[in-house]
Protein chains: 2
Amino acid sequence: MLILGVDPSLTATGWGVIRMEGSRLGHIANGTIKVPAKLAMPVRLSMLFADVSAIIRAHEPDDAAMEEVFTNKNPQSTLKLGQARGAVMAALGAGGLDVAEYAPRLIKKAVAGTGTAEKRQVQAMVERLLPGARPDSLDASDALAVAIAHAGMAGRNRMMEGL
Amino acid sequence: MLILGVDPSLTATGWGVIRMEGSRLGHIANGTIKVPAKLAMPVRLSMLFADVSAIIRAHEPDDAAMEEVFTNKNPQSTLKLGQARGAVMAALGAGGLDVAEYAPRLIKKAVAGTGTAEKRQVQAMVERLLPGARPDSLDASDALAVAIAHAGMAGRNRMMEGL
């Protein structure tokens, strides 16, 4: 089973693909989509859509996961983040994927064992849980973390079904 | 010159295409994109992307326009609106279109002569300015209003260039 994690933003969208075989995880690929900020918004969003679509075609993931957004930022930032997420989610939908969303605390807990883990701690655990993975950026590392959290939940759900 | 106006939302996205020849306006088409709310978010957004792409292919507009969002709503609504706008803008970008954004007051002023016009007044003026137009919904009427506002601005800019 292949899982695509995505950490969308307008400036740098991290992504990562991992493999889950039983309880074993493996790293497949990761990267960061950067779109020049000087381009017009529709162009930036269409490039984001195209790049996510290309990643789906290249890796054919079975599941996709993202961090849930609880936002207290200013409304204009929230709107822009929403637009980036909209372009990414439209690409996931066009690629036949639904998306599972996980709260930041839950992702930290799944990866580092505690919901209050710091960013560096999470990053270090991502590299430990996925031998050979060299996250392209902090955003790519976050994307791999979401994928790991999803693998944990998916694994648990399967066990529950087996009971 | 053909102008596409769009009024994006997750439940009902209005759209309208108008023609501008000199200072004369004409109605080409309008409609409302409704995506079943029970579907998963990525599917809904990919349908929105696909429908806007189909409208662009069918009418080949030269310009696109949207209402600017000044939002004081709760952050989760803003995020969802952003996601819908992201899917729509990605489709505009993929179709080679930039998007001009206009403040609500400016749109009302362009269509009804005053920035404090009520919704019904705007709707009535849209039908008067575009003979034969029967807006499919209030959202479609709003989309035609944005297109009219853009025609006004584009017309004015051309006059300025001619001076």
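Including glycine, each Cβ sits where the backbone N, Cα and C put it.
Noted in TrEMBL for the protein shown:
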type	residues	note
BINDING	A:Asp7, A:Asp139	Mg(2+) 1 binding site
ACT_SITE	A:Asp7	active site
BINDING	A:Glu67	Mg(2+) 2 binding site
ACT_SITE	A:Glu67	active site
ACT_SITE	A:Asp139	active site
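A:Asp7 (Mg(2+) 1 binding site) falls within a strand segment according to DSSP. The Cβ of A:Glu67 (Mg(2+) 2 binding site) lies under 8 Å from the Cβ of A:Asp7, A:Glu101, A:Tyr102, A:Ala103, A:Pro104, A:Ile107, A:Asp142, A:Val146, each of these being in the same chain and 6 or more residues away along the sequence.
For A:Asp139 (Mg(2+) 1 binding site), applying a Cβ distance below 8 Å and a minimum sequence separation of six or more within one chain yields A:Asp7, A:Ser9, A:Ala12, A:Thr13, A:Gly14, A:Thr32.
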